[in-house]
Amino acid sequence: MKQINTATWILALLGLLCLLPFIQPFHEAPISSLFAEWQAFLILWTALLIASFHGRKITPLVIPKIALSSVFLLVFLMFQFVIRPPEYLQQVLLPICYVISLYGAFQLGYWLRQHDLVERCIVWLAAFFVFGAVYTVIVQFIQLLWQDFSRMPFMIPRLAGYNPYGNIGQTNHVATYLAIGWAAAHYLFSGGRFPLRLYLPLIFLLFAGIVLTGQRSGFIYVVCLSILFWRFPMKRNASADSSHRSVWFCAVPFAYLALSYLMHAALHYMGSEFTSASQRLNSGWDERLKLLQIGWSLFLEHPWMGIGWGRLVSYEFLKADVLPTLPANHVHNLILQLLAETGVFCTVVVLSIVVLWSLRFLKFVASPEKQFVLGVAIVLGMHSMAEYPLWYAYFLLPLGVLAGMFETGVVCFKLPSRLTGVIARGASFMAVGVLFYSFFEILYVTDMYGRRANIAYSRTLHLAELKEIAQMPSKLFLEPYVDYIDSSGRALNTENLSENRALNQRLLNASINNIVIARQSIYLAMAGDQAEARITFLRMKKIFPNRVLEMLGMVKHAAAHADNENLTEFSKWATEAASQK
């Protein structure tokens, strides 16, 4: 019987890790990236499971030094959980899953280096990145030119007022993915796997997709990657100072600008409008600065241990009286986010480990593989200074695999080889099992949110939701979303007031949502706590100024049906407060 080449299976799975989550059509509720990230986790752990059975020889436990960042984060998160328990277990459980999976990605990347599979693996990854990027651009053009098409298999329509976003659903993610796609195409070209006649049309196609996103970061990516490709030799056997082939990359940013002007003029003539990067140049800065101010203020308040992972939204609500407010769960800056949630000690340790890895990485001999990894790191690094791509598994895990491939420093533990194998295989089996088990939980929750979006709400619907919640196999990962379905479906009256108020308060301690805040102000008013009810309503007004009238309608409706004098008085006050600037 012919032996199965497990290395090929692993490389194919890693290729799918760079493809499937990005072409997986997103859905709006409860988390737009839920299925895509679940796919990323499942693919990675399946590859790790196969790798644990690859070959007969099992080596002692060897941890690449870059993986120590994951180990330290894991220990720190558990320490935070002990000294400052969160409202929901999921607030610490989910980041632990990300950190453990990142550790697995580092280990898998280092395993590929140990088995001399780096070049072969990057060829696979680059090919899948290119395919996914091309598919994304095709979807973008269909969304642009055929906005009203009904839902097609593996393709989603574009919402009115939005730039084409492919199946990823976020234009900033599309721009980043297409920039990585260009780095992948250049790697294949520099290795002689792409002819020039295919490479040039391909990069202009990817540039067209970046232009369609309207992202200001697109031009920055093009400039940085052009400099990178110019400074590195294009061929594997080229000398380090051979720049006559790559000097033309200095003209690439100008070609990108020319393409953006031509596309804008052509699409305007055709009647297909989109918001260009130049039109967005002076917008959005105020929100960014507010987020940075929020992050910095929270860091100064808890400089050593941070406010706790995933608690930014609850602090935004509590500090709404004195800080700028935005309904965001991230300050859109990787370093400041770590400082705010984990404190200076954890941030310095993690960043020090990453910097030391970077120094070891730069010592590698120049090669197309090194250039590709550096290009991916540059794109995701810049994106992380203005957004949070590494909070998504489909960006985080491929980067972890690439980083593990270019690690030379290791920490060895003297464990029996057999025990090492048991740990690796046991962890992989457990992770895959948990992922399969969690899939049913995901189906239940997405089904309930989907019905909320498509069916007029009624008491009958809520009873059906409660029955479905009772049938769920578990609420291990998505309990806050289940509680939101339960809480937001309860009648706003004095019946079970204490229970309803406690459940809604629990949600308020873990999320920032205009409906949750407004309902809490109603519960507080019915309980006679007018002062706290007014503070809560004013915070909601400041955080969600565009939803005030809608939430005021909820207050008036509750006051009309609850037969509660306190709530009637609060409704009159809320009407006056909503009209004031």
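Please read every residue number as a count from 1 along the shown chain.
Backbone N, Cα and C define each Cβ position, glycine as well.
According to TrEMBL, the protein has these features:
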type	residues	note
TRANSMEM	35-54	transmembrane segment
TRANSMEM	66-83	transmembrane segment
TRANSMEM	89-110	transmembrane segment
TRANSMEM	122-146	transmembrane segment
DOMAIN	164-189	domain 'Protein glycosylation ligase'
DOMAIN	202-350	domain 'O-antigen ligase-related'
TRANSMEM	246-267	transmembrane segment
TRANSMEM	334-359	transmembrane segment
DOMAIN	372-546	domain 'Virulence factor membrane-bound polymerase C-terminal'
TRANSMEM	392-415	transmembrane segment
TRANSMEM	427-445	transmembrane segment
Item to check | Listed stretch, out of 35-54, 392-415, 427-445, that has the most CB pairs under 8 angstroms to the transmembrane segment (334-359) | outcome: 392-415
Checklist entry - Who are the chain neighbours of the domain 'Protein glycosylation ligase' (164-189) in space, where the CB to CB distance is under 8 Å and they lie at least 6 residues beyond its ends? => result 22-26, 32-33, 36, 122-123, 125-127, 129-130, 132-134, 136-137, 139-141, 143-144, 154-156, 158, 196, 199, 202-203, 206-207, 209-210, 212-215, 217-218, 221-222, 225, 229, 234, 274, 368-369, 371-372, 375-376, 379-380, 383, 387, 389, 392, 395
Checklist entry - For the domain 'O-antigen ligase-related' (202-350), DSSP counts of helix, strand and coil? => result 92 helix, 0 strand, 57 coil
Checklist outcome for this item: Within the same chain, the residues 6 or more beyond the ends of the transmembrane segment (35-54) and with Cβ under 8 Å of it are 6-7, 9-10, 13-14, 16-17, 20-22, 24, 26-27, 97, 101, 104-105, 107-108, 111, 115, 168, 392-394, 397, 401, 421, 424-425, 427-429, 431-432, 435, 438-439, 442
Item to check | DSSP residue counts for the domain 'Protein glycosylation ligase' (164-189), split into helix, strand and coil | outcome: 19 helix, 0 strand, 7 coil
Next on the checklist: Same chain only, please: residues at least 6 beyond the ends of the transmembrane segment (427-445) with a C-beta under 8 Å from a C-beta of the stretch. Say none if there are none.
Outcome noted: 30, 34-35, 38, 41-42, 45-46, 48-49, 52, 100-101, 104, 468-469, 471-478, 481-482, 485
Checklist entry - Based on Cβ pairs under 8 Å, which of the stretches 66-83, 89-110, 122-146 lies most in contact with the transmembrane segment (392-415)? => result 89-110
Checklist entry - What mean pLDDT does the predicted model reach across the domain 'O-antigen ligase-related' (202-350)? => result 82
Item to check | For the transmembrane segment (122-146), distant same-chain residues with Cβ under 8 A (at least six beyond the ends) | outcome: 11-12, 14-16, 18-19, 22-23, 155-158, 164-168, 174, 177-178, 180-185, 187-188, 191, 193, 202, 205-206, 208-209, 212-213, 267, 270, 272, 274, 369, 372-373, 398, 402, 405
Checklist entry - Same-chain Cβ contacts of the transmembrane segment (89-110) under 8 Å, 6 or more residues past its ends? => result 10, 14, 41, 44-45, 47-48, 51, 62-64, 66-67, 70-71, 73-74, 77-78, 80-81, 308-311, 393, 396-407, 410, 427-428, 431, 476-480, 510
